[in-house]
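Chemist: Here it is: the structure, laid out below.
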Amino acid sequence: MSRRKIAVAVGTLFVVQMVTALFGTSLIQAFVDGDTDRAPLTAGVVLMLCSGIAVVGIGLLMYQVLKEFNRRLAFWYPVLRITELTVSAVCGIYLLAQLTVVPYHLLWVYIPTGIGGLILTYLLFASRLVPRPIAVLGFIGYLSLSVGVPLDLLGVLDMNEGAGLALLAPGGLFEFVFMPIWLFAKGFGAPPLVRRQARTSAAVAGA
């Protein structure tokens, strides 16, 4: 698959995973709030699994691009995205079987999300595959998420409201707005080797 097609696919999957996660979470929350209808609950779990599958797709596709810069570090990005899907699937199956939500289930999903996101955005920043301000926004978002999880577990804040919900905003803007729009419009920047060759050619031409 060409880099351009990978960029469009990743941008699409970012939007898909965000939309399915939002709708899935809202349906599951309705059950938590007292809705006893099994159909919306099942739909919510299915949507969360679809979001997880999209996340894995992002990880596998991004690895094809990120490995050109740092193969060892890039390897961990799809691994953490697969971990994220696994945790989400286990929590979803438990919910359908027991009709009880796993305590702090979203927080357990957020842990691999945050760590994987930090790896992704660091590599995006270092490789200049996307403009650095976009990578910085994503890094801030995933760092905020990673900090918010232990604070929620300690009872300092609630990630579902107020200041805790605000911590999710930078990451949401990165995944749902800036990253997809850039990938659709411009795709990935040139690989490091190509940029070095271009600089060398320019220097030789100017000599």
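Counting starts with 1 at the first residue shown.
Glycine is treated like the rest: Cβ placed from N, Cα and C.
Feature table excerpt (TrEMBL):
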TRANSMEM  40-63  transmembrane segment
TRANSMEM  75-95  transmembrane segment
TRANSMEM  107-125  transmembrane segment
TRANSMEM  134-157  transmembrane segment
TRANSMEM  163-185  transmembrane segment
Chemist: Other than its close neighbours in sequence, what residues sit by the transmembrane segment (107-125), given a CB gap under 8 Å and a spacing of at least six beyond its ends?
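Modeler: Hits for the transmembrane segment (107-125): 55, 59, 62, 66, 69-70, 73-74, 76-77, 80-81, 83-84, 87-88, 91, 132, 134-136, 138-139, 141-143, 145-146, 148-149, 152-153, 159, 171, 174.
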Chemist: Against which stretches of its own chain does the transmembrane segment (40-63) lie, if we need a Cβ under 8 Å and a gap of at least six residues from its ends?
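Modeler: Residues 1, 6, 9-10, 13-14, 16-18, 20-21, 23-28, 30-31, 74-75, 77-82, 84-85, 88-89, 92-93, 95-96, 113, 116, 120.
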Chemist: State the residues, same chain only, that lie 6 or more residues beyond the ends of the transmembrane segment (75-95) and have a CB under 8 A from a CB inside it; answer 'none' if no residue qualifies.
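Modeler: Non-local partners: 28, 41, 45, 48-49, 51-53, 55-56, 58-60, 62-63, 66-67, 101-102, 105, 108-109, 112-113, 115-116, 119-120, 123.
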